[in-house]
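Quick look at what TrEMBL annotates:
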- Lys67, Leu68, Lys69, Thr183, Asn289, Phe290, Arg291, Lys308: ATP binding site (BINDING)
- 433-444: compositional bias 'Polar residues' (COMPBIAS)
- Cys116-Cys163: disulfide bond (DISULFID)
- Cys127-Cys150: disulfide bond (DISULFID)
- Cys133-Cys157: disulfide bond (DISULFID)
- Cys214-Cys224: disulfide bond (DISULFID)
- Cys258-Cys267: disulfide bond (DISULFID)
- Asn181: N-linked glycosylation site (CARBOHYD)
- 377-456: region 'Disordered' (REGION)
- 27-48: transmembrane segment (TRANSMEM)
- 327-356: transmembrane segment (TRANSMEM)
Amino acid sequence: MAGWGVFFLGLLNYKTGKIVIAENRKIGILFRLYQLAVLGYIIGWVFVVRKGYQEREEAIQTSVITKLKGVALTNSSETGLHLWSAEDYVIPPNGEQVFFIVTNFIETPNQRLGFCAESFKVPNGRCQSDDDCVEGEAVIAGHGIKTGLCINSTGTCQIHAWCPVEHSKRPTEPLLSEAENFTIYIKNFIRFPKFEFSKSNVLETPDDSYLKRCSYDKEEHLYCPIFRLGDLVSWTGNDFQEMAVQGGSVGILIEWDCDLDKAYSRCNPEYSFTRLDRGLNNSVTSGYNFRYARYFKDENGTFRTLYKVYGIRFDIMINGQAGKFNIVPTIIAIGSGIALLGAGAFACDVILLYMMNTSSFYRDKKFEIINLKKEQNKHKEGKTGHRERRHKKPAADKEAGNSTNKPEETEALAESQLPVDQRGPTVPRNAGQRYSGNLSNQGTGPRHHITFSAQN
Ligand SMILES: *[C@@H]1O[C@H](CO)[C@@H](O)[C@H](O)[C@H]1NC(C)=O
């Protein structure tokens with residue numbers, strides 16, 4: 001019963017740590033410098049530079065629509081004049097995020113199914129005699145099926161194919177050099193779902209002729225996403241006419257880096273342009289081309305025009321992130337800063353207590369070593385050997401403390417039942433109840449209890 005009473009009274013105590021102040025300049029300065037550094041890191045880097053108080057959103061939702069304008073007239077010796085409009089030179093024509101623009105081509109008109117000689121450019125099609133051309137075998141990387149004949153005039157097998165096979169050379173000047181003046185309109189819508197924020201890169205204006213007149217300019221017309229192809233390529237550090245001969249690949253990156261704590265108008269797109277097939281100067285791998293055919297019908301059957309087209313492929317990539325103030329990341333940032341300060345205190349403790357000449361002094365002052373066994377042994381010794389002395393002790397205390405109360409009278413008020421043994425290290429006060437509980441159960445001899453009030 002008494003034990004429970006003490007326990008419940010003990011609950012009403014407030015326990016607080018004891019602070020040891022070490023008057024040591026070096027450690028003091030070190031600790032202050034560390035605190036300054038941490039403070040600088042938290043404020044400068046975490047809050048100002050990295051905006052640690054913001055909730056981030058990197059999953060941008062985006063849509064891109066492209067449209068090209070411009071026409072070009074070509075004049076080839078084989079087919080004569082040909083007018084190229086956007087429907088012809090943009091592949092695919094439906095305004096995608098990745099598209100191809102024809103700048104140069106090889107045309108092989110009027111191909112019909114029949115028998116003709118394989119091109120000499122195909123190694124597997126070459127032959128010395130009919131034995132080299134096995135009937136029914138396809139020419140590896142060639143144009144048709146071998147018929148078993150070797151044609152001496154060309155030195156190649158006869159094949160069953162769309163004839164005649166392509167034989168022209170790539171023009172050294174781009175046939176659609178006027179593509180330099182084509183314009184591309186890139187419409188881009190973005191959305192940050194977490195913040196319910198959406199925007200587009202086109203000026204929101206009631207003036208519907210604006211987009212017909214304007215052209216992109218970083219300062220003047222940021223919200224006019226109409227680019228001249230020649231400009232696009234020159235911003236990548238390349239010459240359009242040079243690139244148009246063999247083709248290539250250009251990346252258009254639109255970046256949206258938005259601080260949504262600021263005004264709507266401060267969230268702007270940023271364009272950058274790079275050539276993606278760079279570093280391949282005049283090697284066989286540089287450039288971009290592919291073939292396609294257009295089919296026609298007349299009274300003699302089907303015939304086709306084969307095109308091998310060279311051109312520039314554009315890849316539009318959208319990147320974006322947004323940040324907005326939120327209390328949770330703010331608290332986390334502050335909390336981690338405080339934790340860092342604590343790490344500094346730990347490091348200074350280690351230096352102070354273990355790594356200095358005077359460390360043993362600070363250790364003695366800071367640590368209180370207790371041992372339950374030793375404490376009990378002393379207690380027993382005290383009971384048998386030093387009984388007299390122990391009996392005197394409370395009296396001495398009484399005089400020193402200038403107290404008129406007898407210790408026994410204050411027993412009922414005891415908050416902490418500590419055995420009075422002032423010689424050795426004492427049981428820590430903050431764990432008083434538990435230790436005294438153990439001890440008092442074992443103690444059979446006269447026990448002496450004091451209160452803090454009686455002692456002080
Ligand atoms: C593009 O247009 C400009 C001005 O209209 C003209 O001077 C230039 O020759 C054109 N470029 C090509 C390759 O046609």
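Placed from the backbone N, Cα and C atoms, the Cβ positions cover glycine too.
TrEMBL labels come from automatic prediction, so no person has curated them.
For the binding-site residues Leu68, Phe290, Lys308, a Cα-Cα cutoff of 10 angstroms around Cys157 (disulfide bond) retains nothing. Counting only the Cα atoms, the space from Thr183 (ATP binding site) to Cys150 (disulfide bond) is about 51 angstrom. For the pair Cys163 (disulfide bond) and Cys224 (disulfide bond), the C-alpha distance works out to 48 angstrom.
Packing against the transmembrane segment (27-48) from elsewhere in the chain are residues 333-334, 337, 340-341, 344-345, 347-348, 351-352: each is 6 or more residues past its ends and has a CB under 8 Å from a CB in it. In the three-state DSSP assignment, the secondary structure recorded for Arg291 (ATP binding site) is strand. Within the set of disulfide-bonded residues Cys133, Cys163, Cys258, Cys267, no residue has a CB atom less than 6 Å from any atom of ligand 1. Spatially close to Leu68 (ATP binding site) yet at least six residues away along the chain are Ala86, Tyr89, Val90, Phe99, Ile101, Phe182, Thr183, Ile184, Tyr185, judged by Cβ distances under 8 angstroms.
Among the recorded positions listed here, namely Cys116, Cys127, Cys133, Asn181, Cys224, Cys116 has its C-alpha nearest to that of Lys308 (ATP binding site). With a cut-off of 8 Å between CB atoms and residues at least 6 apart in sequence, the same chain places Phe197, Lys199, Trp256, Cys258, Asp259, Leu260, Ala322 near Cys267 (disulfide bond), listed in sequence order. Checking each of the recorded positions Cys116, Cys150, Asn181, Cys214, Cys224 against Asn289 (ATP binding site) by C-alpha distance, the shortest gap belongs to Asn181.
In the three-state DSSP classification, Cys163 (disulfide bond) falls within a strand.
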